[in-house]
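S.K.: Swiss-Prot feature annotations, pasted as is:
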DISULFID  Cys32-Cys35  disulfide bond
DOMAIN    3-108  domain 'Thioredoxin'
MOD_RES   Lys105  N6-methyllysine
MOD_RES   Lys105  N6,N6-dimethyllysine
Amino acid sequence: MAKPIEVHDSDFAEKVLKSKTPVVVDFWAPWCGPCRVIAPILDKLAGEYAGRLTIAKVNTDDNVQYASQLGIQGIPTLVIFKDGREVGRLVGARPEAMYREIFDKVLAMA
């Protein structure tokens, strides 16, 4: 079963911006309680959406470049990219159903 991929500042452009499939980037930190709450949800969804959508994780403690460039001020923040452009953003922990709804909308975009 697919899992979220780890992304660092050094490979963000390659793994996220140049991806052929939409990418949901989870900006998180190990000390963040809500981040730990949504981690198993994102693990599950990574498997269910494998091949159609990629879920990536960026540890903001270790990778500040893109978090800063994208104006990430609170975590968890999920930023959704399609064709190298930001098409959506969610700040804070949300229920699994909301993630599914948003991921499905992104996949339905032309």
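Placed from the backbone N, Cα and C atoms, the Cβ positions cover glycine too.
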S.K.: Counting other Cβ atoms within 10 Å, pick out the least crowded of the recorded positions Cys32, Cys35, Lys105.
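M.R.: Checked Cys32, Cys35, Lys105; of these recorded positions, fewest Cβ neighbours within 10 Å: Lys105.
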S.K.: Could you give the mean pLDDT over the domain 'Thioredoxin' (3-108), rounded to a whole number?
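M.R.: Summarising the domain 'Thioredoxin' (3-108) by its mean pLDDT gives 97.
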S.K.: Would you mind pulling the DSSP three-state label for Cys32 (disulfide bond)?
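M.R.: In the DSSP reduction, Cys32 (disulfide bond) maps to coil.
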S.K.: Could you state the whole-number distance in Å separating the C-alpha atoms of Cys32 (disulfide bond) and the residue listed as 'N6-methyllysine'?
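M.R.: Distance (Cα to Cα, whole Å): 28 Å.
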S.K.: Between Lys105 (N6-methyllysine) and Cys35 (disulfide bond), how far is it from one CA atom to the other, in Å?
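M.R.: About 23 Å separate the Cα atoms of these two residues.
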S.K.: Going by DSSP assignments with H, G and I as helix and E and B as strand, what are the residue counts for the domain 'Thioredoxin' (3-108)?
M.R.: 43 helix, 27 strand, 36 coil
